[in-house]
């Protein structure tokens, strides 16, 4: 594989992410990793459901009393939108339009950072109310589930940023196209997990 | 071996055609996005409107499932050609996930 | 590139292995370290049997006994059996599908080093304040109460090595999905490759629950979380579920590759195509599938309720069906074959009754009411040793003999191999058969001693003698290895003479690029097909000779794993208010993530082996083969 090979939109393959054997391997391997991640998050969800509202006798916190929907709604909208902007980035990647791709990735990263900021604000707020990580089984399970998702967001953002900086001068080639594609895939998966978090943790939490 | 990709040279017309096809696909993605937003709105509204729990829970779980299908099949292209093995493993993963969750919400406290 | 050169200094060889991404060398690393941990676990087993040799023995204290017992189980499962099987998977399955390498050579190396450092970390507990002592199942109610850092060594060590195993699993899956040679359809894959595939799929889906459970354990013990702390609303049953959602598939992760090795052996040494290949493949897949639906049979006595117990009892009995299918297919493969009783074949034949015995007692325990009687008795100990030793360890010993020439280019002695077999086989049945009866007589497992008035003296003494026999068998195997290495008699492509699959069509050990030209596969058992058609080369090729792209070696996997190893110490002493704990934790993680970043920022495109080098290398191989032929003829005169 020649890194210096220059592509134009006319010579750029239809599926650059799977055009090389390395790309194909990364692609399949990454999907398998997502399958494993599915089980990981299922384990965390299962634990959360088993430990929801469970704590020492006289615990003052419950999901119904704690969670506030407006904040969660804002976070959900931001993350959903960032999923769409990463679709735009990949759309431009397939058209071999590097600048547009970088721009859309930049927007995705900004939205992701906004989401992360809100999540940190939320956690900070709960901790100030006295709902710390070691407060109860419920708090441990809640922070571990949502926090693991948050850690995935951090990792996804770092990945996007590293790719953008690293390839800013290089442009698109067969070596990094699969990486951009997979980072976007990862971002969608983060969104999938969030859909279940806002449904199972927050919405079902609020109704008790 | 497969490290060297075949060189592609598209004619102007081919290129325009493919570009149009991608643009049409992108409009489809926008539609799915609109649907996701819509489903989310319904879910939040249902909860805010304070309907009976037994009504809300199955509905919002169903809405979440639809959203995930949209993400997987449209944004993540799981329906595309060459995704058979991946779909198989994703569904196996979901199967194990389902078993785990069922176990924890039913038999843990008995 | 390094693999080209023939003679190297000791330091250069070590550096080569530290940086290698070649699946054949990684296989050797897995075999050596897995073999080492096998010996460690074996010594621990001997300590257990010495302690239980007679009533009221005080060879080990009760506390030490718990540590030895825990470490024996943990070491044997996670650090011995799995890595040795991964060694064979690495050495053989890429060759069987005609691939030049695995899909992710770098990750392959990373997987090994993570396993290695995890194993070392776990075993350092012996020297740093005491080993884990809550059993290999590490049930939370015991583990949370355990003092010292033993349990933390367990959970952090297994987290690290678990990541390594997960990486290895993904790697094999992708290799088998993407890198099969032209014509190697799924239904032409050798059975060992199939079992590698299904076992890897089980690793993929079973390790995440374990990782999550262990993470909870780490957070509960070190960072004040409350997942398992009942007074804070937690629930210890959650650990049991996660452990067994992982633990039961783990049994199949171990035993499926063992089945694969035996399937190869039966076909090779009966000189027959495997009987019922399709049925064997589907039985393998079914076992993998059912493996996820039976975990609660380990928890019948927890009190899950009659419905749950009934469902899981039924599912467990069903799983005997695909296993039975396999047994009959193997028997019918032998039947009417032209059998040669080499060492691997003897192991394979001995495996069938041994494993069936373990399977039958397994079905007995599937009957939930009976399990209430058998639970936590020596009957259980006997059962799982019949499955693990009678299935997996016999396969490991058989596989060592079978694949030794392919991995090292020289044959283990058949004569000493038979001595090993008889000592080990007799010792195994002597040790564990009688434990069934000890269990039925009421002896509970995991007790450090028993009274003289309980009537268990004789059977325990017999059991200990059996363990001695097994130890002698293993020692003979070691002697065999040393003698074989010392003699170093080189062998050709197909030392057993009846190889059927692609790995036997190339030199032993294979060149680092495996296949100069990618083979074309024309059916099941491709090498056998070519042999039968009188093809002298043993292969037809799918491509003309050309440049081959190979990955560069890298030291980064070692550094990434080392970082996690260091970080684990920081995490472990964090709660002890040690000032250095936090910096060490952060520093270790910085090493890990920093080296990951270096890896992703650097362009590492690998190198090309040119056509000329390939031709030269091929001439060397031909020359050596001719010399070998000449030597053999000389020997016959």
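Cβ coordinates come from backbone N, Cα and C, glycine included.
Averaged across the domain 'Cytochrome oxidase subunit I profile' (C:9-522), the predicted model reaches a pLDDT of 95. Taken from TrEMBL, the feature domain 'Cytochrome oxidase subunit I profile' covers C:9-522.
Look at TrEMBL and you will find C:27-48 (among others) tagged as transmembrane segment.
According to TrEMBL, the transmembrane segment annotation covers C:68-89 (among others).
With a cut-off of 8 Å between Cβ atoms, the residues of this chain six or more beyond the transmembrane segment (C:153-179) that come close are 70, 74, 78-79, 82, 86, 89, 93-94, 97, 99-104, 107-108, 110-119, 121-122, 124-125, 128, 131-132, 134, 138, 143, 189, 193, 196-197, 199-204, 207-208, 210-211, 214-215, 217-218, 221, 561, 564-565, 568, 571-572. Per TrEMBL, transmembrane segment is recorded for C:153-179 (among others).
With a cut-off of 8 Å between Cβ atoms, the residues of this chain six or more beyond the transmembrane segment (C:191-219) that come close are 85, 88-89, 92-93, 96-97, 138, 140, 143, 151-152, 155-156, 158-159, 162-163, 165-166, 168-173, 176, 225, 227-228, 238-239, 242-243, 245-247, 249-250, 252-253, 256-257, 259-261, 263-264, 267, 274, 277, 280-281, 284-285, 287-288, 291-292, 571. Sequence annotations record features per position, and here TrEMBL assigns transmembrane segment to C:191-219 (among others).
Long-range contacts of the transmembrane segment (C:251-269) within its own chain (CB-CB distance under 8 A, at least 6 residues past either end) are made by residues 77, 81-82, 85, 88-89, 190-196, 198-199, 202-203, 206, 280, 284, 287-288, 291, 326, 330, 333-334, 337, 339-342, 344-345, 347-348, 351, 387-388, 391-392, 394-396, 398-399, 402, 496, 498-501, 525. Summarising the annotation, TrEMBL assigns transmembrane segment to C:251-269 (among others).
Residues 187, 191, 194-195, 198-199, 201-202, 205-206, 241, 244-245, 247-249, 251-252, 256, 259, 263, 266-267, 304, 308-309, 312, 315-316, 318-319, 321-323, 325-326, 328-330, 332-333, 335, 524 of the same chain sit 6 or more residues outside the transmembrane segment (C:274-296) yet have a Cβ under 8 Å from a Cβ within it. Per TrEMBL, the feature transmembrane segment maps to C:274-296 (among others).
For the transmembrane segment (C:344-368), the residues of the chain that approach it from at least six positions outside its boundaries are 262, 265-266, 268-269, 297, 300, 309-310, 312-313, 316-317, 320, 323, 327, 330-331, 334, 374, 379-380, 382-387, 389-391, 394-395, 397-399, 401-402, 418, 421, 425, 428-429, 436, judged by C-beta separation under 8 angstroms. Summarising the annotation, TrEMBL assigns transmembrane segment to C:344-368 (among others).
TrEMBL lists C:380-404 (among others) with the feature transmembrane segment. Counting residues 6+ beyond its ends, the transmembrane segment (C:380-404) has Cβ neighbours under 8 Å at 31, 38, 76-77, 81, 84-85, 88, 91-92, 251, 254-255, 257-259, 261-262, 264-265, 268, 342-344, 347-348, 350-351, 354-355, 357-359, 361-362, 365, 374, 410-412, 417, 420-421, 424-425, 428, 431-433, 435-436, 438-439, 445, 477, 484, 496 in the same chain.
If you look up TrEMBL, you'll see C:416-438 (among others) marked as transmembrane segment. Here the transmembrane segment (C:416-438) has Cβ contacts under 8 Å with residues 49, 343, 346-347, 350, 354, 361, 377-379, 381-383, 385-386, 389-390, 394, 397, 401, 456, 459-460, 462-474, 476-477, 479-480, 483 of the same chain, all six or more residues outside its ends.
Sequence-distant contacts of the transmembrane segment (C:458-482), counting only residues of its own chain at least 6 positions beyond either end whose CB sits under 8 Å from a CB of the stretch, comprise 39, 42, 45-46, 49-50, 52-55, 397, 400, 412-413, 416-417, 419-432, 434-435, 437-438, 441, 450. Residues or ranges marked as transmembrane segment by TrEMBL: C:458-482 (among others).
Look at TrEMBL and you will find C:555-574 (among others) tagged as transmembrane segment.
The transmembrane segment annotation in TrEMBL covers C:580-598 (among others).
Tertiary neighbourhood of the transmembrane segment (C:555-574): same-chain residues 18-19, 21, 106-107, 109-110, 112-114, 116-118, 120-121, 149, 152-153, 156-157, 159-160, 163-164, 218, 222-223, 580-596, 598-599, selected by CB-CB distance under 8 Å and a gap of 6+ residues from either end. Same-chain residues lying 6+ beyond the ends of the transmembrane segment (C:27-48) with a Cβ under 8 Å from its Cβ atoms: 17, 20, 59-60, 65, 68-69, 71-72, 75-76, 79-84, 86-92, 112, 115-116, 119, 123, 396, 400, 407-408, 467-468, 470-471, 474.
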